[in-house]
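Take a look at the structure below.
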Amino acid sequence: MMRIILFLLTNLAVVCVFGFILSFTKIPPESISGLLIFSSIFGFSGSIISLLMSKWIALKSVNGQVIYQPSNNTEQWLIDTINSQSKKMGIKTPTIAIYHAFDMNAFATGAYKNSALIAVSTGLLENMSYDEAEAVLAHEINHISNGDMVTMTLVQGIVNTFVIFISRIIAQFASSILSENREDNNSNRNTWVYIICSTILELIFGIFASIITMWFSRHREFYADAGSAKLVGRKKMISALQKLKLSYEPQEKSNIIAFCINGKHSSFLNLFMSHPSLDKRIQALYNRDYM
């Protein structure tokens, strides 16, 4: 319910901003309506399709192997732990997969809470204790329970719509100003002005949109850490994050890394990082932030 309320409030805020900006453009309302529909379709379609295909894409990206029947004690423990945590959180047990990677990592994805996927790297299973791995799994279960994949899709769709819509409104406004200031109304020139202007603006606004989506992504990591601490204990979650500091740099592809518990490590351009630093996440748990 809170996710839907947040979505509606965000949309309302976006519409208000649109209305304020458009009041200065003098562009006909019918053009605005068509452009808004166009922007919404293109803004949300890519995000929604990616969400619906996320499990298949994720498994293909990491060459993950779904566990249908456990072949060893570790796989049996993995299934039992995820089953237990899923019941506690009131969701169906996700599909469980293992993929080969030297880095310690795991991720959750899927369009629905009751039809999700959790994949765990061999590096994590080989290097973490059961307590630490349990905390990582609880982190991923909380992502699923919180509906984070859907929330990120909604956020991405909204900012995509905003980028497309505002870019084309400003480009259309610039093109109309140019045609008014020239005696010869060259339609080809105006069209090129519109295309070039809208393309440049989409690139610029796209950068700011990335900052917004990455801010949401970083905050959902804090909440998933806190949820894991509530489920299995703060000590286990802190220990897991400390162990991740010893991991190889994550090797997962860019379309997967945002879903992983262990994101890319960088001290440069933190605004564009999908994950907070491990030190900040550990400190947040010590301070009981987000709990």
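For all residues, glycine too, the Cβ spot is worked out from N, Cα and C.
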According to Swiss-Prot, His139, His143 bind Zn(2+); which of Glu221, Glu249, Glu252 is also listed for that site?
Glu221
Within 10 Å of the Cβ of Glu140 (active site), how many other Cβ atoms can you find? Include all protein chains, please.
27
Where else in the chain does the transmembrane segment (32-52) make close Cβ contacts, counting only residues six or more beyond its ends and a cut-off under 8 Å?
18, 22, 111, 149-150, 153-154, 156-165, 168-169, 172
Under 8 Å by Cβ from His143 (Zn(2+) binding site), same chain, sequence gap 6 or more:
Ala108, Met149, Arg220, Ala224, Phe259
